[in-house]
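Since the structure comes first, as structure tokens, the remarks are kept for the end.
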Amino acid sequence: MEKIIDENKQGESLALDPKAGNKRKLFIESYGCAMNFSDSEIVASILTNQGFNTTQKLEEADLVLVNTCSIRDKAEQTVRKRLQKYNAVKRDHNPKMKVGVLGCMAERLKTKFLEEEKIVDLVVGPDAYKDLPNLLAEVDEGRDAINVILSKEETYGDVSPVRLNTNGVTAFVSITRGCDNMCTFCVVPFTRGRERSRDPQSIIEEVNDLWNKGYKEITLLGQNVDSYLWYGGGLKKDFVKATDMQKATSVNFSNLLELCAKAQPKMRIRFSTSNPQDLTLDVVETMAKYNNICNHIHLPVQSGSNRILKEMNRLHTRKEYMDLIDNIRKIIPDCSISQDMIVGFPTENETDFQDTVSLMEYVKYNFGYMYKYSERPGTMAGRNMEDDVPEETKKRRLQDIVDLQRLHSEIKTKEWLDKTVEVLIEKESKKSNTQWSGRTPQSIVCVFPKVNYKVGEFVNVKVKNCTSATLIGEAVGYSDNN
Ligand code: SAH
Ligand code: F3S
């Protein structure tokens, strides 16, 4: 399953407080990355103004929307199964129900959805959600509706997202859309279009609004956050054509982090995802300068082999990545670092794989997300390279690095034993209703007895014990941030 959104949230239907007067019922569920979950909040906001309230009962829905993921074949299969389920409910209980597909699969498959999946009435790509009112009007008149046009401008900066199934403590704020990196294995540039950045003013307003509503931690979201660049609108690649004035007043990711950190000095600030070729040290220095920017960088590398990195069109070498890690640790010694890794990319041999293993040994990541290569139609690798690593080999390599990561996680987690860490309480622990669960700035989960503390409070916790991924401790008082 995808990072950030934990496994038990995948496919969870999302609900918000009903708005009086709204008569129609929307069932919306999301799969895939954090950006999809964030987009569903934009969709829900648009539909709240169209007379919809959310429901978590499929049987009573007038409209079912599924926000889909195309990153690997398995993600698409999961959605296909859900469509069958909707079909069954529609047939047996609710013949008037309409079904719409949103997100990356909608963009990738376009009209094919309307042709193949008889149950689908509506297909909407990631940049077309503002057209939903028009598309729904068509559907209401009995016609299928589709809009999969990708945009060079749309950032939904002017849509105030409604927070779905929120803990009231942590929230996503999207800052860029799309990706221009063209990693050869990746479908995202095709399904989410060109990279564009959102107006910093609207980002700060959203952060302030979240703070006023009681939120204590935000995650700035983008496929490649370090590439954020605002110079009054427009694509990043056109920055060279910007006026001197636009260049002088432009805002890069480091500037944006600083703006957010200063706007709400007690709000914890996180970001995801960083890209090694775009993460510059000024960002790390800004992190070091502001206490409220959390010391964690998710820094996917995908492979430790120079040859494979090149085939993947990752625009850095193994050595450059290692130097970046060294520099991060020099500037922020307690910074946690996490990874995404792919095994079994076409032509990956045992030597390449051992390079991945040795890179992991070098970095000793705090945690990571590891995948078997899944060929995606239309990508450069999908078109030009044979998916030639046998499934058995992929499986073994995946197991090897999953085991290695567990070992490293354990080593890194143990480093916190007997130390006092700041935890923002997010929810009840899954394992015990007498314990709270939250995360340290390094994004390490920590559980401890509730005592009199409450969700949303910053607490200092003395770490007494740990598992490979979780700190176990006891609260010793409020932190200064509270
Ligand atoms: N920059 C994005 C990356 C999205 S994809 C972000 O915001 O995280 C998330 C991860 O899925 C990638 O880092 C990569 O490790 C994995 N991935 C992408 N395409 C894949 C494919 N074709 N097969 C297997 N894993 C893939
Ligand atoms: Fe995909 Fe590479 Fe962009 S993994 S989202 S093309 S940075």
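Cβ atoms here come from the backbone N, Cα and C positions, even for glycine.
According to TrEMBL, the protein has these features:
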{"type": "DOMAIN", "residues": "24-141", "note": "domain 'MTTase N-terminal'"}
{"type": "BINDING", "residues": "Cys33, Cys69, Cys104", "note": "[4Fe-4S] cluster 1 binding site"}
{"type": "DOMAIN", "residues": "165-412", "note": "domain 'Radical SAM core'"}
{"type": "BINDING", "residues": "Cys179, Cys183, Cys186", "note": "[4Fe-4S] cluster 2 binding site"}
{"type": "DOMAIN", "residues": "414-477", "note": "domain 'TRAM'"}
Starting from the Cβ centroid of Cys179, Cys183, Cys186, the recorded [4Fe-4S] cluster 2 site, name every other residue in that chain with its Cβ within 8 Å, sequence order please.
-> Asn181, Met182, Phe185, Val187, Val188, Pro189, Gln223
Integer average pLDDT (0 to 100) for the domain 'TRAM' (414-477) | 97
Taking DSSP states H, G and I as helix and E and B as strand, how many residues of the domain 'MTTase N-terminal' (24-141) are helix, strand and coil?
-> 61 helix, 25 strand, 32 coil
Cα distance (Å, whole number) from Cys179 ([4Fe-4S] cluster 2 binding site) to Cys33 ([4Fe-4S] cluster 1 binding site) = 14
Enumerate in sequence order the binding-site residues Cys69, Cys104, Cys183, Cys186 whose Cβ-atom distance to ligand 1 is under 6 angstroms.
-> Cys186
Based on Cα distances to Cys69 ([4Fe-4S] cluster 1 binding site), point out the closest of the binding-site residues Cys179, Cys183, Cys186.
-> Cys186
For the binding-site residues Cys33, Cys69, Cys104, Cys179, Cys183, Cys186, which residues place their CB under 6 A from an atom of ligand 2?
-> Cys179, Cys183, Cys186
Express the distance between the Cα positions of Cys104 ([4Fe-4S] cluster 1 binding site) and Cys186 ([4Fe-4S] cluster 2 binding site) as a whole number of Å.
-> 12
Among Cys33, Cys69, Cys104, the most crowded of the binding-site residues [Cβ within 10 Å] = Cys104
